[in-house]
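J.: Below are the structure tokens for one structure; questions will follow.
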Amino acid sequence: MDTNIGSLDSCKPTSNDVCCPANGTVSTIQGSVSPTIINSSEATLGRHLARRLVQVGISDVFSVPGDFNLTLLDHLIAEPGLNLIGCCNELNAGYAADGYARSRGVGACVVTFTVGGLSVLNAIAGAYSENLPLICIVGGPNSNDYGTNRILHHTIGLPDFSQELRCFQTVTCYQAVVNNLEDAHEMIDTAISTALKESKPVYISISCNLPAIPHPTFAREPVPFSLSPKLSNKIGLEAAVEAAAEFLNKAVKPVLVGGPKLRVAKACEAFVELADASGYAVAVMPSGKGLVPEHHPHFIGTYWGAVSTAFCAEIVESADAYLFAGPIYNDYSSVGYSLLLKKEKAIIVQPDRVVIGNGPAFGCVLMKDFLRELAKRLKHNNTAYENYHRIFVPEGQPLKAAPKEPLRVNVLFQHIQKMLSSDSAVIAETGDSWFNCQKLKLPPGCGYEFQMQYGSIGWSVGATLGYAQAVPEKRVIACIGDGSFQVTAQDVSTMLRCGQKTVIFLINNGGYTIEVEIHDGPYNVIKNWNYTALVDAIHNGEGKCWTAKVFCEEELIEAIETATGAKKDCLCFIEVIVHKDDTSKELLEWGSRVSAANSRPPNPQ
């Protein structure tokens, strides 16, 4: 049996009220006062759906109009609590709903049948991989066309309307095809509540002729959801805590490592309670950055195998016991399956399951319950943190640049670090920004998001739009490579329409740098754009926008001063020109290991 975890072949807390329900089963609040009766002409499917979205905490819906969803969009616009945001394409609408859900706890997008649905599919798959509750609404064919032999536009020319549905079945946890008013109320409510329970996307297709038709099932104001929380098996919880406490209390230098599933388990606060009580050194997996407070007194950095932050891997991998809360061990997070961890030393805590060493395993145990109870049973042990403190050497500063010397990436991120505060959030695009942003030290309250499991380039443009819309009180700082930006650049336009004040650092190094370090070739070189001129053209004098192109540190300092001063209420786009081979040392190491994993020869037959 392979005992090397890194070679296995195999949060942001939200509130528990009706706006951001906890995982659990569905019921409805049975109040003593009957829900408000709605004027019969307004008792429509479209109004019910709009009210439901508002009730679960959505105030912005990202959409692209198409003839099958136009009537539905009319009803969403008519809802006072909803703001309909038109995006430039469906992919970005999905990415925006993804970014929105990361902050608000749930997001929604509306597209048209098949041409829109299949375009948004990639974004929905990404949200599925990241455990985000996202409601994807599609305007579907007229209800009279189902069951006929008719061929419709926006399809592949077959009289079968199920192609889109079949595509969504693998990347959503529930699918509702609403082509009958009799069961529309139940299907819509089940879909939305399932998204919240499972923390996964759902698919709702609504026939284009149904949203405006009154029906008795919509005659009353919808009763808010009450999602009963899941409960741990008490006997299993006690047994898991007892076994884990025995395992950890006999260890000499145990450590804690937080992973990305802390968010879906709603266990961020419980993890901090455990860290406080135990005194253990605390690290975070790269995809969990932002879920664990980096100002915690025992925080030692990002554990990412060979590309960990300084001195973190040495402490984690030399520990005689480690508790991983909500980890995902894939080829990226394990740096090509090269983590130096041993399964027999590990406690793996998933959202509803605990595995201790090579066994035993305990099911029906919720992570947040387990961590809180374990905190009460552990002896205080700060040995690992003391070891870290002894060997730690503060990071050096980048070499001082000569006057007008071409800008280096490490100098850029030194200045981005100074911009961070509790009023900011960082969005890191797939690529070298993954590695450079991992080294940023997040102050209390500073948000941080990136898409590591799915790793779709271009994600950050739409996600920045959605995240900034969800938390207008924060200023989002997006770090985007030129190759990724070319995939989804159009929705800078939507950011301007929404009056957002994001700062975008466009890192122009002439290609797909992350791909270069995995496997180079001429396909990794892209056509250079005049990015600032492009954004100026998109701006076109409408909205608040400021652009700058910087080649050296002096120009960068001046641009940041302007973006945080005179132009602080504008969308600021700063194009940073750097050398094509200027990458983080972590990407160089990570790329070579992932390349080795990708190029393994076939096993003998």
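Each Cβ is built from the backbone N, Cα and C atoms, and glycine gets one as well.
Below, the features straight out of TrEMBL:
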DOMAIN    44-149  domain 'Thiamine pyrophosphate enzyme N-terminal TPP-binding'
DOMAIN    241-359  domain 'Thiamine pyrophosphate enzyme central'
DOMAIN    451-576  domain 'Thiamine pyrophosphate enzyme TPP-binding'
BINDING   D482, N509, G511  Mg(2+) binding site
J.: Across all the protein chains here, work out how many other Cβ atoms are within 10 Å of the Cβ of D482 (Mg(2+) binding site).
T.: 25
J.: Under the DSSP assignment, what numbers of helix, strand and coil residues are found in the domain 'Thiamine pyrophosphate enzyme N-terminal TPP-binding' (44-149)?
T.: 51 helix, 22 strand, 33 coil
J.: What are the non-local neighbours of N509 (Mg(2+) binding site), defined as same-chain residues 6+ apart in sequence with CB under 8 A from its CB?
T.: G481, D482, V578, H579, K580, D582
J.: In the same chain, which residues outside the set D482, N509, G511 have their CB within 8 A of the centroid of the CB atoms that define the Mg(2+) site?
T.: G481, G483, I507, N508, G510, Y512, T513, I526, K580
